[in-house]
Structure formats: C-alpha cells, structure tokens
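Chemist: Annotations for this protein, taken from TrEMBL, read as follows:
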{"type": "ACT_SITE", "residues": "Arg173", "note": "active site"}
{"type": "ACT_SITE", "residues": "Ser223", "note": "active site, proton donor"}
{"type": "ACT_SITE", "residues": "Glu293", "note": "active site"}
{"type": "DOMAIN", "residues": "30-194", "note": "domain 'FAD-binding PCMH-type'"}
Amino acid sequence: MQNLEKYSVELEGIDIRFNEPLSQYTYTKVGGAADFLVFPRNRYELARIVKLANRENIPWLVLGNSSNIIVRDGGIRGFVIMFDKLNNVTVDGYTIEAEAGANLTQTTRIALHHSLTGFEFACGIPGSVGGAVFMNAGAYGGEIGHVLVSCKVLTPEGEIKNLDARDMRFGYRHSLIQETGDIVISAKFGLAPGVHQNIHQEMERLTYLRELKQPLEYPSCGSVFKRPLGHFAGQLISEAGLKGYRIGGVEVSEKHAGFMINVDHGTASDYEKLIAHVIKTVKEHSGVTLEREVRIIGEA
Ligand SMILES: Cc1cc2nc3c(=O)[nH]c(=O)nc-3n(C[C@H](O)[C@H](O)[C@H](O)COP(=O)(O)OP(=O)(O)OC[C@H]3O[C@@H](n4cnc5c(N)ncnc54)[C@H](O)[C@@H]3O)c2cc1C
C-alpha cells in the first residue's frame with residue numbers, strides 16, 4: 001500500500017479511509033480491502049482525487065452501491081471512489097436531476113412524490129444513479145436509456161462534459177460509459193405528469209413481483225448472468241439441475257436460479273468458482289454460453 005502522507009495538502013478535507021474492508025459495502029457481503037476508500041463531497045474533490053491519482057500513477061476506480069459487482073478477496077489497490085456524499089436530487093417541472101450517489105429506488109420515490117411517471121420500472125433496483133446509467137439498468141420493460149435526458153461526466157483526463165442521452169449508445173446492460181471510462185457525476189431524467197395513485201399502485205405491484213420471485217432476504221448481486229438471446233438464464237440453470245448447488249458459502253438460489261446468494265460467510269472465491277461451474281454445466285446441458293452481467297474486480 002502506497003503512503004499518501006506526502007499528498008496530505010492536496011487531499012486536505014477529503015474523507016479517506018485506509019485499508020478499508022469492502023465487504024461491509026458490497027451487496028454480496030464479500031470482498032477484500034481497498035487501499036484508500038474515498039468519499040468526495042462534490043465534483044471538485046472528485047477531480048482533485050482523479051488528478052492526483054493520474055499524475056502519481058495510482059490506480060483508481062469508482063463504485064456506486066456495489067450491487068452489481070464482486071470484489072475479489074485480495075481487495076483493490078489504489079483509490080476506490082464512492083459517491084455516498086454526492087447524492088442530491090432536485091426536481092424541476094417534469095425533470096429530475098440526481099447526483100451519481102443518489103439511491104435509484106429513492107429517486108423513483110421522489111418521482112412518485114411529485115406525481116411523475118416513467119420511473120416506476122426502477123423502483124426495486126438497488127443501485128446508485130451513476131451505476132444505473134453505467135449499466136443501463138432495467139426491469140419490467142423499462143430501462144435507464146428510456147428516461148435519461150443527459151448526464152454530466154468527468155473524463156479520465158479530468159474534463160467535465162455534458163453527454164446527451166442520444167449519444168450514450170445504450171444497449172442491453174450497456175452504455176457508452178463502459179467504453180470511455182468516464183465517471184458519471186449526475187444525471188437528468190425526463191418524466192411525464194401522472195396520477196399519484198396509479199404510479200403508487202404500479203410501484204407496489206412491481207415490488208410485490210420482486211419479493212415473490214427474488215431471494216431478497218440474502219446477500220447477492222442480483223442476476224449473475226445476462227439474458228441469453230431466446231432464453232432465460234435462470235431457467236437454463238434450473239434445467240441443468242443447479243438450483244441449490246453450493247460451493248463454500250455461496251449457493252444458486254432455490255427461489256430464482258439466476259441469483260447466487262451468500263448463505264454462510266461465502267467469499268469472492270466461492271462466487272467465482274460457482275459462476276465457472278454454472279457456466280460449464282449449462283453449456284454442457286443446453287449448449288448455451290452464459291455471459292456474466294455482474295462485474296468482478298480486484299485481486300484474487
Ligand atoms: C437484489 C438485486 C436486484 C437487482 N435487480 C436488478 C434489476 O432488476 N435490473 C438491473 O438492471 N439490475 C439489477 N440489479 C443489479 C444492480 O442493482 C444494477 O446493475 C445497478 O445499476 C448497479 O448500480 P450500482 O450503483 O450498485 O453499481 P456498482 O455495482 O457499484 O457498479 C457497477 C459498475 O458501474 C460502475 N459505476 C458505478 N458508479 C459509477 C459512476 N458514478 N460513474 C461511472 N461508473 C460507475 C462501476 O465502476 C462498476 O463497473 C440487482 C441487484 C441486486 C443485488
């Protein structure tokens with residue numbers, strides 16, 4: 001681990017935690033420590049961290065709510081940047097502007113509060129706004145690309161840019177940000193006026209469906225695999241006889257075979273082994289190659 005003492009003036013005022021275990025932040029409850037976990041309060045602090053890291057060749061990466069990643073047990077070298085303190089949400093007419101660290105579910109509740117429709121689909125996705133834009137998160141027929149108007153990013157070179165949604169190359173769980181390495185700072189969503197009671201009912205309905213079908217009572221990273229063309233990952237895994245299959249403390253959920261749940265102090269290594277086993281077994285059984293949706297980062 002590098003010593004940051006010599007940069008204390010440059011990093012003054014920024015909330016930095018050293019050798020911080022990431023398992024307490026990740027949805028899977030696995031993952032080693034980050035050398036330096038930082039919580040910028042605004043885009044200027046963020047820019048200072050990225051500038052310093054680039055100049056000194058210290059690796060850095062950003063995390064949102066860590067609901068779509070597995071951090072390996074060896075942890076992450078350099079800076080891990082989290083946006084918990086950049087979470088302001090404002091409403092102007094039919095537009096909601098949310099900072100990257102805003103909770104997506106809470107943002108949909110703010111839309112409800114203002115009787116704005118279009119965001120109901122996202123009401124149970126446990127990501128941050130930044131992570132949701134990066135992933136083009138979606139559910140029940142909706143996706144971020146349908147409601148995004150524009151977003152503000154910090155480029156890896158330290159420049160702030162405004163990106164129009166039409167230029168975001170949204171696809172299934174894909175956005176331009178995955179190609180450029182930009183950091184999403186904030187996003188603007190365009191919604192429509194609706195009827196409060198109808199929006200509320202739809203959100204309740206989708207929440208009910210989620211609770212019915214997903215093992216939300218356990219740590220997980222949501223659907224581990226992307227939906228293969230013409231198939232459902234959960235169904236293929238189930239047909240391969242893998243429901244309940246366990247390696248270490250991680251198990252293929254009985255309730256939804258597309259989820260892998262941490263049932264007993266599982267590790268990232270358990271997750272990786274189970275993912276590899278499921279891919280191999282499903283390929284042998286159905287000929288379909290499953291592709292991971294969840295991202296695996298850090299050192300083994
Ligand atoms: C129980 C459960 C249910 C889920 N249901 C759904 C669902 O219905 N639909 C769906 O699409 N997903 C679902 N997910 C997955 C996950 O919630 C989404 O992919 C979400 O968008 C990830 O956001 P995050 O903030 O947690 O991102 P993280 O997991 O923290 O990060 C994911 C990726 O985004 C990048 N990233 C994060 N923030 C930023 C930023 N500000 N700028 C640039 N890059 C950034 C990270 O570097 C990383 O590569 C579910 C997960 C769980 C655990």
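Cβ atoms are placed via backbone N, Cα and C, with glycine included.
Whatever TrEMBL says is automated annotation, not expert-curated.
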Chemist: Given a separation of at least six residues and a C-beta threshold under 8 Å, show me what packs close to Ser223 (active site, proton donor) in the same chain.
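Modeler: When sequence neighbours closer than 6 are ignored, Ser223 (active site, proton donor) has Ala233, Gly234, Gly258, Phe259, Glu293, Val294 within Cβ distance under 8 Å.
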Chemist: Given a separation of at least six residues and a C-beta threshold under 8 Å, show me what packs close to Arg173 (active site) in the same chain.
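Modeler: Once residues fewer than 6 apart are set aside, Arg173 (active site) is near Met135, Asn136, Ala137, Gly138, Lys226, Glu293.
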